[in-house]
Amino acid sequence: MLQVYLVRHGETQWNAERRIQGQSDSPLTAKGEQQAMQVGERARSLGITHIISSDLGRTKRTAEIIAQACGCDITFDSRLRELDMGVLEKRQIDSLTEEEEGWRRQLVNGTQDGRIPDGESMQELSERVHAALASCLELPQGSRPLLVSHGIALGCLVSTILGLPAWAERRLRLRNCSISRVDYQESQWLASGWVVETAGDVSHLDAPALDELQR
């Protein structure tokens, strides 16, 4: 049975400022760096063999810190990027106009093909993160990969594995540097395919991360 660990990046400057990041970027805070170190300490006991990361700066830095602890190389995969939030990226949440808030709500409330102008839909996000996860099945037998990605992207992945719609990710609390695990099983008696073992574990962190509204 293949076990895949899923880690959200550490806290960033824009997380702390309540800015919409999407595929734009901001650096990890000192707290975010510490969170990544704590994931690294935990990961050393998990037998991680591969680290696969989104190619955005905040995930790259998180992956580098974890890789240093695990002694693993990093592969970057753009399919693990965060949802493209279009024209709302870099904006503070509290600064959105009524029209802009309407775009955001369409996206997160499951409106068919809802998207922010110049952004992508939750369905498009779901397709690419599932493709990235499926690539793990091509790794050598006995591999135990760790994927570093983003809040909405990982929430969408876990939700859809559970058979929920992509926009149900808002019902999952995946804090900065939380660890989730999904397993691929083949069984005559149990559900074959991907199953969720754990979601949003933060027991390795000193203190809870920000309860962000935006990732």
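Just so it is clear, glycine is given a Cβ too, placed from its N, Cα and C backbone atoms.
Marked as active site, tele-phosphohistidine intermediate by Swiss-Prot: His9. The Cβ neighbour count for His9 (active site, tele-phosphohistidine intermediate), using a 10 Å radius over every protein chain in view, is 31.
As annotated by Swiss-Prot, active site, proton donor/acceptor applies to Glu82, with the evidence given as sequence analysis. When secondary structure is read from DSSP and collapsed to three states, Glu82 (active site, proton donor/acceptor) falls in the coil class.
Annotation comment: Swiss-Prot describes 8-15, 21-22, Arg58, Lys60, 82-85, 104-105, 151-152 as substrate binding site. Sequence-distant contacts (6 or more apart, same chain, Cβ under 8 Å) of Met85 (substrate binding site) comprise Ile20, Gln21, Gly22, Gln23, Ser24, Ile116, Gly119.
Sequence annotations record features per position, and here Swiss-Prot assigns site 'Transition state stabilizer' to His150 based on sequence analysis.
Of all the recorded positions in the list Arg8, His9, Trp14, His150, the shortest Cα-Cα distance to Glu82 (active site, proton donor/acceptor) is found for His150. Each of the binding-site residues Gly22, Gly151 was scored by the other Cβ atoms within 10 Å of its Cβ; the lowest score goes to Gly151.
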